[in-house]
Amino acid sequence: IPEASGIYLYNIGEGFFITGSVYFSTALLYLGDEVAGCNDLDLDDDEECDLKVWGLLKPTSLATTSAIIVSLCSSLAMPLIGAVIDHTRHRKSVGKYASYCIIAFNAIAISICEETFELMMVLFLLGGFCFAIVSCASNAYLPDFKMNHEEMGRFSASYYTVRFTVMVFCLLFITALSVLFDAGDVGTARIGQIVVVPALLICWVYAWEFLFMGRPKLHDVPEGDSLLSTGFRSAIRTAVNIHRYFPDLKIFIYSLMLYSAAASSLVAVSSTYMKDQLDMSSIEIGMVFLVVLLFAVPGSILSKHLNSKFNPLNSYRLNIFIWAMTTLIASGVLQGRHNWSLVYLFAAIWGVCYGWKYPTDITIYTTIMPHGSESELIGFKALADGVLVWAPNLCFTLMNEAGVEMHYCLASLVVWFLGALQVSYLMNPYDKVVAHAAAYNDMHEDEQVIVETRRQSFN
């Protein structure tokens, strides 16, 4: 299946893109300090700069504010994007041209400096928005593979492992070049984009041009509706059907919304925390993410064994609990430059959880959802994954702007993790949920056979 190869190549490119974004966001934090004037102040280690970028935000709020904007815009646009993917033949075009936009933005980002700071912030936001579109378009191909939960678990774990491995290589390569040229935070971001752009040109252009095939539209736009109204009505209809007929899937989606919000927010929050509270350089922060990725690979492999041993739902719950407790302990221990090196220990645990999470939640979702509207439901999962990412970032930003100590801001993420865990316990046992979905799917298939038989008899 060429699309399966496309998924692998897309994930390789995604690994490069995410790695470049780590260094780029760190450089934006540094430039935010420059623009606000914080680097000109003689502050003690335990003092924070209260000057604001453009008179609006502390530099430490830039990353989380960006995440809020991207999350909100992506969530609002996702029904329209889903409608274009499902109700037109432009699924491939959506992914392809959004990918090309990201490549163009990253190429322009090579010019990052204090004079281009405002432009770089805009490109950072646009790149994040386009990335959400590309992810939705590529994930829409997954239901076409018609895999059971064991096959989907192995497949998703394998391509996530490929992505993490690529990110490790990319981090090492960029860090080595940064050390070689003594580049500093901004210089390292430039090097990152110089490495990322050719990789995206090779991986994403080839994948979207030659591996991801065009697809006919899955449904017609109802008469009198537009794509925009169809997208929102489809999302509402899907939500209502899930609420009525699949209560356990509904509960899992609620849990996933909270969990993904916390996990996704941790990237922006931790980068800010390490830069501001632990006074770490971009290279040191890059090494933290390297540790995360190194341990994400065994985490992804571990997910297969834990999903098999405990079932995917119990594995999912254990993953949330470990992530919550690690974040809580980190917020209490990591409070200053004197013990900053302990962040690598926490990064290792976060890495295992990170690699463990995504193969597990996609396995649960695809095995307890009804058949017949797979593309629509995968799009709904993408919406659920991102719809609340703004909320933990907003909590962090409001607390930070109000002068709350940042280790309490970091600890606020634990509330979202534990909320996701608690909600997941409202579900029935996993085997019962899977059996319910299977029974529905069998009944739906039998109805389709009867309808087709009657149609042929009539003809």
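The backbone N, Cα and C atoms fix where each Cβ goes, and this holds for glycine too.
Note that the structure is a prediction, hence the values are computed from the model and not measured.
Listed in TrEMBL:
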{"type": "TRANSMEM", "residues": "7-31", "note": "transmembrane segment"}
{"type": "TRANSMEM", "residues": "62-85", "note": "transmembrane segment"}
{"type": "TRANSMEM", "residues": "97-113", "note": "transmembrane segment"}
{"type": "TRANSMEM", "residues": "119-142", "note": "transmembrane segment"}
{"type": "TRANSMEM", "residues": "162-181", "note": "transmembrane segment"}
{"type": "TRANSMEM", "residues": "187-208", "note": "transmembrane segment"}
{"type": "TRANSMEM", "residues": "251-273", "note": "transmembrane segment"}
{"type": "TRANSMEM", "residues": "285-303", "note": "transmembrane segment"}
{"type": "TRANSMEM", "residues": "315-334", "note": "transmembrane segment"}
{"type": "TRANSMEM", "residues": "340-356", "note": "transmembrane segment"}
{"type": "TRANSMEM", "residues": "377-399", "note": "transmembrane segment"}
{"type": "TRANSMEM", "residues": "405-426", "note": "transmembrane segment"}
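Tertiary neighbourhood of the transmembrane segment (62-85): same-chain residues 25, 28-29, 32, 53, 91, 94, 121, 124-125, 128-129, 132-133, 136-137, 140, 221, 227-228, 230-232, 234-235, 264-265, 268-269, 271-272, 375-376, 379-380, 382-383, 386-390, 393-394, 396-397, 400, selected by CB-CB distance under 8 Å and a gap of 6+ residues from either end. The list of residues near the transmembrane segment (405-426) in space but at least 6 beyond its ends in sequence, with Cβ under 8 angstroms from a Cβ of it, reads 48, 60, 251-252, 254-259, 261-262, 265-266, 269-270, 272-273, 276-277, 313, 316-317, 320-321, 323-324, 327-328, 330-332, 334-335, 391-392, 395-396, 399. Of the recorded ranges 97-113, 162-181, 285-303, the transmembrane segment (119-142) has the largest number of C-beta contacts under 8 angstroms with 97-113. The highest tally of CB pairs under 8 A with the transmembrane segment (377-399), across 162-181, 251-273, 285-303, is held by 251-273. Contacts between the transmembrane segment (162-181) and the transmembrane segment (315-334): absent, as fewer than 3 C-beta pairs lie under 8 angstroms at sequence separation of six or more.
Beyond the transmembrane segment (315-334), the same-chain residues lying 6 or more positions past its ends with a Cβ under 8 Å from any Cβ of the stretch are 259, 262-263, 266, 273, 277-278, 303, 306-307, 309, 340, 342-343, 346, 349-350, 352-353, 356-357, 360-361, 364, 407-408, 410-411, 413-414, 417-418, 420-421, 424-425.
Long-range contacts of the transmembrane segment (251-273) within its own chain (CB-CB distance under 8 A, at least 6 residues past either end) are made by residues 22, 25-26, 29, 60-64, 66-67, 71, 242, 285, 288, 320, 323, 327, 334, 350, 353-354, 357, 361, 364-365, 368, 380-381, 384-389, 391-393, 396, 406, 409-410, 413, 416-417, 419-421, 423-424, 426-427. Only sequence-distant pairs (6 or more apart) were considered; of these, at least three Cβ pairs between the transmembrane segment (285-303) and the transmembrane segment (7-31) are under 8 A, so the stretches are in contact. Non-local neighbours of the transmembrane segment (7-31) in the same chain are 59-60, 62-63, 66, 99, 102, 106, 109, 112-114, 117, 120-121, 124, 127, 131, 134-135, 138, 141-142, 159-160, 162-167, 170-171, 174, 185-186, 188-189, 191-193, 195-196, 199-200, 202-204, 206-207, 211-212, 267-268, 271-272, 275-276, 282, 285-286, 289; each lies 6+ residues outside the stretch with a CB under 8 Å from one of its CB atoms. When Cβ-Cβ distances below 8 Å are used as the criterion, the transmembrane segment (187-208) is approached by residues 5-6, 9-10, 12-13, 16-17, 19-20, 22-24, 26-27, 92, 95-96, 99-100, 102-103, 106-107, 109-112, 170, 173-175, 177-178, 181, 282-283, 286 of the same chain, each at least six residues removed from its ends.
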